[in-house]
Protein chains: 4
Amino acid sequence: MTDRVVLAYSGGLDTSVAIGWIAERTGAEVVAVAVDVGQGGEDLQTIRERALACGAVEAEVADARDEFADEYCLPALQAGALYMDRYPLVSAISRPVIVKHLVAAAQQHGASVVAHGCTGKGNDQVRFEVGIQSLAPELSCIAPVRDLALTRDKAIEFAQAHELPIETTKSNPFSIDQNVWGRAVETGFLEDIWNAPTKDVYSYTQEPGQSPGPDEVVVAFERGVPVALDGRPVTVLQAIEELNRRAGEQGVGRIDMVEDRLVGIKSREVYEAPGAIALLTAHEELENVTLERDLARFKRGVSQRWSELVYDGLWFSPLKRALDVFVAESQEHVTGEVRMVLHAGRAVVTGRRSETSLYDFSLATYDSGDSFDQSLAKGFVDIWGLPSKIASGRDQRTRG
Amino acid sequence: MTDRVVLAYSGGLDTSVAIGWIAERTGAEVVAVAVDVGQGGEDLQTIRERALACGAVEAEVADARDEFADEYCLPALQAGALYMDRYPLVSAISRPVIVKHLVAAAQQHGASVVAHGCTGKGNDQVRFEVGIQSLAPELSCIAPVRDLALTRDKAIEFAQAHELPIETTKSNPFSIDQNVWGRAVETGFLEDIWNAPTKDVYSYTQEPGQSPGPDEVVVAFERGVPVALDGRPVTVLQAIEELNRRAGEQGVGRIDMVEDRLVGIKSREVYEAPGAIALLTAHEELENVTLERDLARFKRGVSQRWSELVYDGLWFSPLKRALDVFVAESQEHVTGEVRMVLHAGRAVVTGRRSETSLYDFSLATYDSGDSFDQSLAKGFVDIWGLPSKIASGRDQRTRG
Amino acid sequence: MTDRVVLAYSGGLDTSVAIGWIAERTGAEVVAVAVDVGQGGEDLQTIRERALACGAVEAEVADARDEFADEYCLPALQAGALYMDRYPLVSAISRPVIVKHLVAAAQQHGASVVAHGCTGKGNDQVRFEVGIQSLAPELSCIAPVRDLALTRDKAIEFAQAHELPIETTKSNPFSIDQNVWGRAVETGFLEDIWNAPTKDVYSYTQEPGQSPGPDEVVVAFERGVPVALDGRPVTVLQAIEELNRRAGEQGVGRIDMVEDRLVGIKSREVYEAPGAIALLTAHEELENVTLERDLARFKRGVSQRWSELVYDGLWFSPLKRALDVFVAESQEHVTGEVRMVLHAGRAVVTGRRSETSLYDFSLATYDSGDSFDQSLAKGFVDIWGLPSKIASGRDQRTRG
Amino acid sequence: MTDRVVLAYSGGLDTSVAIGWIAERTGAEVVAVAVDVGQGGEDLQTIRERALACGAVEAEVADARDEFADEYCLPALQAGALYMDRYPLVSAISRPVIVKHLVAAAQQHGASVVAHGCTGKGNDQVRFEVGIQSLAPELSCIAPVRDLALTRDKAIEFAQAHELPIETTKSNPFSIDQNVWGRAVETGFLEDIWNAPTKDVYSYTQEPGQSPGPDEVVVAFERGVPVALDGRPVTVLQAIEELNRRAGEQGVGRIDMVEDRLVGIKSREVYEAPGAIALLTAHEELENVTLERDLARFKRGVSQRWSELVYDGLWFSPLKRALDVFVAESQEHVTGEVRMVLHAGRAVVTGRRSETSLYDFSLATYDSGDSFDQSLAKGFVDIWGLPSKIASGRDQRTRG
């Protein structure tokens, strides 16, 4: 029986050519798998037919949008995940859900190898391969671009020679990856880090300077899950989609940064994540109201580590799972509403209310109704400062 | 000889009354000390004369603006200090510099007590008293509002009865603290956390929606110190002041948040810090370009702990000093220029260049000139993922 | 109706006197509550009768030994909790279980106040009072020694004057607290930190230099719970008790240290915890075998924070709960056996085996059977070191 | 001109053969470099002559014992470095000093390649190669065992065929690495992790059960540097050597553990580090007396990260340097004496005294002379517990 390779298929030039390229170089049959994580573009059936037309023996397509929102975007939201305090892990969280579908297809179709379209210098090869090996240690991985010398020029040549039903002329100046959680743009003139992004870099967001009037939105959360916008119940996917539209119109969520890749180099990345940034902003402020101080302080470290792990391709690792239960526990009381104004590139919280708030007006107020016993303060201050005081006394004594 | 009390004097109603109030209740002579940390308002001589007119036996005034910028704002900038990831520690870093001047005055004038105008439920009492005890363990502290029952009503009554040269009619709806690093506003209707701030809350910043055209600025750093704006050399103080003006005009640096006070309660705070936020934004991106990954990752934790310590009144603590040397060491290569557009409430980096950059075009590019050896990747990926793979294998084996 | 105070009652002089002392000074009725956490000494009925004889209107006694072992010692074991890397939190974990019984008694007997025998300079007052306020914010706390001037001399005088059935002559040179997890000794000549402990300090352990021949024990764990000793099934309590005896006989678990109290001072403490140290040693090594590296590394930080929180009286805090779920998740595969030799003051692991081990002989061995693909190493090493290499190149370039 | 390769030369079979093996396979001339880090065994001249006899064109030997003690062991001591809380980084800290000498020799002899004797599955290849690339990015690395198929059998065959002056018959059952900071043993029957070590595994330490009478030693530190033993001034090297002898005689410093290698696998390691463990024990307790609490708590995290970095081969990384300055700052007051009893496998601190102590008898004592103001405690306790109390109130309110 012929060996089978499951290929992560996007419908674009590189992976369309990869079907035949892999078949030629390895002798295996190729099963194409395309996963919809909200990247837009062509419909899944069109993609499926192209895969078959390009030589795939089987082609699977999956609408994983709700799965992606519920099981990947939501944990990232609850973790407050921003790699290097800025990047909401757009591509990083989409790889594991694609991996799940690839592995399922490999098991279903009896494939022993999984192929993906990544190069050898990015993070995504790691996310794919470590994910696959974690879910199915018996599978091996292959990357035609990295391992089978499939360059862009050879891909165009191959497509033309084999008359593949895929456009080879349109050359995008950028390398792009997108899904419902956001959009990542790199390469091209952005590789000169002194260059500013031009308008054509963006697609999910309008120019902040040309946005319409302010758009006020009330986001309701229950235990850390966004459940309503302006009082209308939503699924997580709907919340992201609606805020992608509304915050995107206002130019919210553009990010331009130099970032540390796992493979040891720095790269320049431009992201758009209007819905993600709007939700993260609202969620963070609701946590400010509902999380106890020590928990909130420690959670910042958890958030950073979670982000690094997921960025670094370790979604399916034991530590990631243990951090997930920590985060889940922290969300128990993150219930309430946040009012936010979206405008001209900014998502600004203007109000918050919660039945589970730890903000206590009677303790906080300086007006009548103040219930804070200020006579306790002196004792607190003196004992709080005692270690510093003793150390300073020591320093002065031993210096003199 | 009569006991002396050094009083942190602002020139306002509360501390003007406190001069006589302390004298009456303790029998001590009061020495007033006013420190200019860029809070604006009346000039120091006017303040000095009022203190004497209100009964101070001595009145010291100090222009500490450069000292504050160089020794307090700059370390905060280099530490990337944002309490709860948002608040640039406006009041928190001004207390220690004031404390230094209070302690010096106490030693000069033979005072055994230092007095300040804080209440018993805020952070500033801790910052004053722990600071004072750390610098001079032999001094004791007193807070007339907290310890001598000096309420607002009694202050007005006292001022009128003693005909003090201070206005008693103007009542500010907010409690305000400001300096060159920013401005803090609290109390009043902001204590209802569902209320949005109104325009009169703000003073350092214009409405973002009504800002003039974009303002592009190039900030140059040398070893983490801002040294030039648009090519013109500046001191740290000048950098902050100019960016306060330019970023303030663009509505940059408004912050509205619920925050965790050291004394165990949550409070609602509104801040404006246009210069601070602009500088922090530029500095962070220059670090993205010049800091090695592991150093950058660990520095995030240092930054958080530094911010908590300073927020919590422990500026003069041994741990703060040890974190300072870590931060200083990290700045060795933070040299270069960042181009930033200030507009409509946002400070957006659009370019960065540095002789000490770790961004390596030839490693990062996907164009010709690529020097990254992709053949190394497979080995890296497989070993990087090995612990996860082994753990997953174990999980599957022991589950079955 | 007369107010009622629930008193944490030990049966000793101080709390026996406190019954009448509180009654006299506050006019309240006192309900005595004694909790057996394995401290040994008199039986609960004797203690109960003495409380009534000393004037308590009610006296409750509870055998909480299994509850203490299962819900307090076990989480500490699984967390690997050692404050300052040395102290297994002997007293710190006993306070919360006592607090639970005090609060239950207060609710049952309609008391509005809880009293305890702590001084005002130790950690235990914090653990009692923060615990009580967390479980029952409506209760208030009182400490006769700290708040009602009940000194040792006055206690002896009171006991003699009222002919209380409690010995007043025997004076212990030390202050001692003990339970099944260990024993804490302080004060007396130990307050001179240059003095070595004398033999009479110890009670749970024999002199290590005079121990009998080595005692080999095999401890079996299931998901982080000790379930068998030498093949015999045990409860957690039994495991601790048997190892207290066996490891105690070998002088294992003596600790002598200067430690940082929450109230800002350093104190000198001597502990004995033979069972705890033996179990912690075995458990740690089983984790070395069964925990994935990143999880193990992060867990060290969790362990430290857990220990600090519990030491600092925050057992019932939200962060403690969130750390608990992290720890619980980490224990999923901590199953297996550890062989340990107890001898002459040391508990030394000599073997470990586990069905859920991550130690893979075929990957680790240098003999035939080696399945580790060494050809992957070069790629890993080069990419692993790339950030350091780039940074060093930068350093050399910019130095020259 | 012929290429030159600098080889890390030990004098043993593998690297003796490597001289000719590298020359044959690469055509390069081999320069042998041997570094004395206190490993004992043959003298440097004997080793030097053997290298030349085996075909090296040049042979350099260096006595780096003091350099190793002062610049590598001392930072590890001050950092409190114990990987996985147990392993004092014996081999890990010796690699960087050897790397320095290799790089210096490469530059002196015009070599473009450095060779070492490590396999492809251990940590040491990483430490050598990342170190070399960091110090001299222009050098490349080669490992004959990993890259040139130099197996043990081939080495014996080659040595016999070429009549090299090196014994080929004696086969050690273990793989051993040793220096003045300790000794590491692995492989052989230890690879079965249920097997206990046998007596022949050990060399630096005597059987604890057969140790002579207790040996009391007073270690004096100045700013974290051991400067005297029992009052006699010592260099760092002398301190380690004397304590290796005295603590080794008492069986102190044996470690048997399963450890996480950087390359993703777990391995079983046995270590002996009598001097290191004795010094670490004394130093830690002196820190307990002289370090302020917050500094001490944060330093534990620094210590862990420092240990991981050094274990993972990143000695010359920017983060390591920044942690070093943190540690150095922390040592400012670590001055004083620690009395320790070495006996039967244990190093037990029995006394400590320091002019820079933060232990304050008058604050700590419960006897007369107590200067701690217990009236401050109530205020401290109530405010300390306030966040937990508010959170518990919320939990109860929202549950009901």
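Every residue gets a Cβ built from N, Cα and C, even glycine.
Within A:GLY55, A:GLY80, A:GLY110, A:GLY117, the residue that TrEMBL lists together with A:ALA8, A:TYR9, A:SER10, A:GLY11, A:GLY12, A:LEU13, A:ASP14, A:THR15, A:SER16 for binding ATP is A:GLY117. Of the residues A:TYR72, A:TYR87, A:TYR359, TrEMBL puts just one in the L-citrulline site with A:ASN123, A:ARG127, A:SER175, A:GLU259, A:TYR271: A:TYR87. Filtering the binding-site residues A:TYR87, A:ARG127, A:SER175, A:GLU259, A:TYR271 for a Cβ under 8 angstroms from any Cβ of chain B leaves A:SER175, A:GLU259, in order along the sequence. In the three-state DSSP scheme, A:ASP124 (L-aspartate binding site) falls into the helix class. Closest by Cα distance to A:ARG127 (L-citrulline binding site), from the binding-site residues A:ALA8, A:SER10, A:GLY12, A:ASP14, A:SER16, is A:ALA8. A coil conformation is recorded for A:GLY12 (ATP binding site) in the three-state DSSP classification, outside any helix or strand. Here the Cβ of A:THR119 (L-aspartate binding site) has 17 other Cβ atoms within 10 Å, regardless of which shown protein chain they belong to.
Cβ contacts within 10 Å of A:SER16 (ATP binding site), excluding its own Cβ and spanning all protein chains shown: 31. On a Cα basis, A:ASP14 (ATP binding site) lies 11 Å away from A:THR119 (L-aspartate binding site). A:ASN123 (L-citrulline binding site) is 16 Å away from A:ALA8 (ATP binding site) when you measure Cα to Cα.
Spatially close to A:SER175 (L-citrulline binding site) yet at least six residues away along the chain are A:VAL185, A:GLU186, A:THR187, A:GLY188, judged by Cβ distances under 8 angstroms. The C-beta environment of A:GLY12 (ATP binding site), restricted to residues of the same chain at least 6 apart in sequence and closer than 8 Å, consists of A:ILE166.
For A:TYR271 (L-citrulline binding site), the nearest neighbour among the binding-site residues A:SER10, A:ASP14, A:SER16, judged by Cα separation, is A:SER10. Mean pLDDT, taken over the domain 'Arginosuccinate synthase-like N-terminal' (A:4-165), works out to 96 on the 0 to 100 scale.
Largest Cα to Cα distance within the recorded L-citrulline binders A:TYR87, A:ASN123, A:ARG127, A:SER175, A:GLU259, A:TYR271: about 19 Å as a whole number.
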